[in-house]
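Take a look at what Swiss-Prot says about it:
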TRANSIT   1-114  transit peptide
TRANSMEM  208-228  transmembrane segment
DOMAIN    251-536  domain 'Letm1 RBD'
MOD_RES   K596  N6-acetyllysine
BINDING   D676, N678, D680, N682, D687  Ca(2+) binding site
Amino acid sequence: MASILLRSCRGRGPARLASPRAASPRGSLRDRACLSCTRTVGLTSHESVLSRCCTPANPVYLYFKSEPLSCWTQRPECQGTVARAAWTPASARLVVTGPQYLPVRGWHSSSPLGEDSMIEKSLKSLKDKNKKLEEGGPVYSPPAQVVVKKSLGQKILDELKHYYHGFRLLWIDTKIAARMLWRILNGHTLTRRERRQFLRICADLFRLVPFLVFVVVPFMEFLLPVVVKLFPNMLPSTFETQSIKEERLKKELRVKLELAKFLQDTIEEMALKNKAAKGNATKDFSAFFQKIRETGERPSNEEIMRFSKLFEDELTLDNLTRPQLVALCKLLELQSIGTNNFLRFQLTMRLRSIKADDKLISEEGVDSLTVKELQAACRARGMRALGVTEDRLKGQLKQWLDLHLYHEIPTSLLILSRAMYLPDTLSPADQLKSTLQTLPEIVAKEAQVKAAEVEGEQVDNKAKLEATLQEEAAIQQEHLEELKRAAETAKDIQPEVAEATVPGRPGAELQPKMVDVIPPSEILKDTAPVLEGLKGEEITKEEIDILSDACSKLKEQKKSLTKEKEELELLKEDVQDYSEDLQEIKKELSKTGDEKYIEESTASKRLSKRVQQMIGQIDGLITQLETTQQNGKLDPAAASSPTGESVISVDELISAMKQIKHIPEHKLISLTSALDENKDGNINIDDLVKVIDLVNKEDVQISTTQVAEIVATLEKEEKVEEKEKAKEKAEKEAAEVKN
């Protein structure tokens, strides 16, 4: 068992097992842990091993090769037939041979399942409080504090500080927004972290200066044709239409749709104003985090459950250190080699898959699962699956579902608590408390701001400024790491290129002649089979760009506006949901007589009116495009089958990619076979575009196998979302009949 850990240590002398007295504190999953020594692979025998050269990290489990793994790419330890290869530079990345990992482009991606807007979080918090009050359960109530009356001088000083931090926040937000907007206009892709920062900054700007809605938004709409003309890289390069008018309309439609979606996201990011709020949420969170970090005082279970909801998956994963990311990947049997962005991306996709599975399992019931299904579900969530009884499997899975779905604890916190060195005897609240202690300080700042926004309280400008500056520093650090990787890769490639291009020397002279001094009988021959299939899966960034261009070309040939119509319908649903959430909040507050204290911000009201106007304009553009296409440009056969306008055959995709640029036949077959999940010879273009946009937003390198897994995850989320919509519709109809 010890060899599983010790074989991957960094060669710092012979390792030995430490005595139990030398064990590190429980839950020590920090930068000092040597997480390259952890091997959390299957789940049979559980032991904690400590070597001389590192501190303890993950628990270690044995693994049987006969057990199927639900992982992104099976590690070489799990499959004996997979060839090993060294790291090789490719473009500006370091990649591992085998399934190759490629960066692709895109801007928007599908929203993760269950990702709530700010108003939805406020509504859930309000419903939870009212429900506990009706049931007579425990409701968190802050201790009564003695109000100290401030002197006149102290009040003036506080006001001066408030305006100072407010103007400083406004200036910094303006600079960051201008820089990111310039990057967008010049065709650069914002990462997920940058887009989230840009969205929050725009919401802050409209909150600080509501008058900007009358100036900025109409100015942006007026300049759309100019922007499209001056910055052609803002849109995909393949708008190869025969009609200049149709091309102009499509570009205008695309930009208006993106702008309307962004403005709606900005509206949902703005918090409601609660005039009755006393600013207790920020103080309560600060006191809670001070207890678990400094004083050592144990918070109540209600406090732990209440504040744990604020540490969302995206916030937690974006701020974890690399050792913690590697530990989580090994716990979930994911690839632990790659950039931080790649590790976060595959963790995000796994958490999205687990979230969808949790809802499906909860609907069917844990008791309906077989033993193998229980083991697979527990193993996928980082829990013990082998060597335990069926009752324990059901018990720990039910506890997981209760914490995740009923108490709404983020999946990332639950997974992180299982990656730590914690005994099974600890209660869920104590496990969450120990997990929160390991999170970086920046996560606490973000959660503190979110706590005030959810309660509808006025966010302190100083706290908002600190969170913005910390997030900007993290973004700049990512850029520096990216530039450093690119420079190192270019430095490794440059000597090889210079040697291969020496003037006056033929290529044959570059290699010295080898003298055969070894007898033929002593020459060792490698009899292992050569795995040619791995080479066929190598896909470059250029080939992915060609795939994106081919999709655009095929959609143009089919005159398909399916994606635009679908996005417009989703935008209309978001607007309607926002309006319904506002009404529900007022309805919940009417139970306590506080509905008069809540109101929508001025900037939010103005933006909502502008989005409604843009939706009408987009409807008109789509109608105009359809009319243009029906005037002799659309094939009658295609017009008679609207259901298949987004479905193409594998041969059509291969033919379109060949027309753009020559690609080897085996690569085309490998790529299309990975995209054709059900092997029926057909591919949905819209689903393919969603995958490309999703990966492009993360700026990571993935393999063809992972493309198929992303498609499966998106389909699973769509299935769960359809069930939830049908359930909500049935509940609304039942409520209407009852009333």
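For all residues, glycine too, the Cβ spot is worked out from N, Cα and C.
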If you draw a 10 Å sphere on the Cβ of D676 (Ca(2+) binding site), how many other Cβ atoms land inside?
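Taking all protein chains shown, D676 (Ca(2+) binding site) has 18 Cβ neighbours within 10 Å.
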Hey, how far is K596 (N6-acetyllysine) from D680 (Ca(2+) binding site), Cα to Cα, in Å?
58
Going along the chain, which residues six or more apart from N682 (Ca(2+) binding site) have their CB under 8 A from its CB?
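Set apart from N682 (Ca(2+) binding site) by at least 6 residues yet with Cβ under 8 Å, we have V647, I648, S649, V650, D676.
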Restricting to the domain 'Letm1 RBD' (251-536), what is the model's mean pLDDT?
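Here the predicted model's pLDDT, averaged over the domain 'Letm1 RBD' (251-536), is 79.
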At a 10 Å cut-off from the C-beta of the residue listed as 'N6-acetyllysine', count the other C-beta atoms across all protein chains.
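Within a 10 Å radius of the Cβ of the residue listed as 'N6-acetyllysine' lie 11 other Cβ atoms.
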